[in-house]
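Report on the following structure.
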Amino acid sequence: MTPDRPRLLYIDDDPGLSRLVQKEFERNGFTVELLTSGAAGVERLRTSNDVDVVALDHHMPDQLGLDTLHMISALPNPPPVVYVTGESEGRVAVAALKAGAADYVIKDASPEFLTLLRAAIDSALEGRRQKFLREQAEAEMRAARDRFEALANERAVLIREVNHRVSNSLQLIASLLQVQSAAQSDMKSAQTLLNAYKRVSAVARVHKRLYTNADVRFVDLADYLCGLVEDLRQSADQGSRMLQFLASQTRIGTDFAIPIGLIVTELVINAYKYAYPDGDGPIRVKAERTNDLITVQVQDDGIGVTEHDWRRGGGIGSKIVLAMVEKIGGAINIESGRSGACITITFTAVDPAPELDAVGDSLTSVLVIADSLVRGMATSDEARDEIEPPVLLLVEDDPLMRMVVAGNLEAAGFRVEEAGSGEEARAIWTRTGGVAAAIVDIGLPDCRGDQLASEFRASMPNLPIILATGYDEKVVAPGFVGSRYSRVLAKPYDDTALLGILGALGITGGTIPVSETGPALAPRVM
């Protein structure tokens, strides 16, 4: 289309009216081309596509306008046609519109004819312009969709390959743990290694399913837990125990599958150990979905356990379960009685974003497992000093990161009070009446970490405070930089650096230094 001077092809065998139309439209900014037959008009349009709009008369000597209109409509990308007829009967107009005309005008000798023709042609041109813009937008959308699909396919291949490699690496780690467990003469150390093997295997199983799934964002919960339960059954100390599984088919995001796998592993292992001290009995694992609510349940008919004892237990298993439940935004309910214990996990399923979160969560989970292994081996040493450990307040909203840091600090001889928000930290502060030092994340869900630290300082002016941040320390906490009793620690956490800062502030633990237990654990920033 020529935006400045649209080209009008006027086909009519009436020379007087044709010249009148030409004069009027050229005066109004059109380029007008006149032809006297339908055949000539069709040939003109076939050989060139520079015509923007056609006005076609109904009665012509060589053929009717309707026949010409059919031939024009059959051309590739034809211009819009305004049908001009002297017939006042509506059937001609209806036939023209059905044949593809954009509009029609009744031809007569009145001045209104040119006005109506101009309005019809302007409308046809606007319709063509809108069609062009629509087709252009659709073409751009198709191109964008093709690019997106190509990127999505590339991403899926990448994620599948990453999951394949992660799965292989985790399987290797699990195998090494199993071999090392078998080589241990100390039964407690062997059991610690075996527990770590089972936990790593639970994470590896997710990734094995990820790189074999068509959709890497999801895992079928029933298939996944069925395989996990079978592995736990085969690795049980006593094969006679009855481990039962019941679940309906439902998909969950991989960012839920890894925590759920670890939760079920810990609960089943715990039931194996403690539910039946005098014999064997059934352990049932159930999973079901009601709308968006997913319930996972581990039940036994053993001696039972109170919720207070389970939550307050010192074992790493219960801490892992609680951290993983918090990670998925779920809730845990513990029922116990003469008929046994039933632990129920509920959470809301949401569709995951197509990211690599599952890989990051897996690596963080492995760090948690490694941390439990370090602490399990360290606590088997009976030569610990009988010293009342200093109490630290750790305020960090990421449960897995908080668990790893707390574990390293406990292994270094501190007692740690953990809080996931400012509100929880204030409650601990009120209950304890103060701590030896506070480690506070700058970004908390309900307040800023430096503001919370200032509240603590109001009641204990010389309280040593370490602010943890992933940002520039001079920007996020200018008032704390250089203070005698304050330090800023860059995230991700480095336990060696953290212990060094505590030592510089005059605070040391009562047990072995973390450097003797292995390399520093540095989880990613969530």
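The backbone N, Cα and C atoms fix where each Cβ goes, and this holds for glycine too.
Quick look at what TrEMBL lists:
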type: COILED; residues: 134-161; note: coiled coil
type: DOMAIN; residues: 7-122; note: domain 'Response regulatory'
type: DOMAIN; residues: 161-351; note: domain 'Histidine kinase'
type: DOMAIN; residues: 391-506; note: domain 'Response regulatory'
type: MOD_RES; residues: Asp57; note: 4-aspartylphosphate
type: MOD_RES; residues: Asp441; note: 4-aspartylphosphate
Taking DSSP helix as H, G and I and strand as E and B, the domain 'Response regulatory' (391-506) has 49 helix, 27 strand, 40 coil
For the domain 'Response regulatory' (7-122), jot down how many residues DSSP puts in helix, in strand and in coil.
-> 53 helix, 24 strand, 39 coil
Have a look at the modified residues (Asp57, Asp441) and report the one with the fewest Cβ neighbours inside 10 Å.
-> Asp57
For Asp441 (4-aspartylphosphate) and Asp57 (4-aspartylphosphate), the CA-to-CA distance in whole Å is 81
Looking only at the domain 'Histidine kinase' (161-351), mean pLDDT returns 80
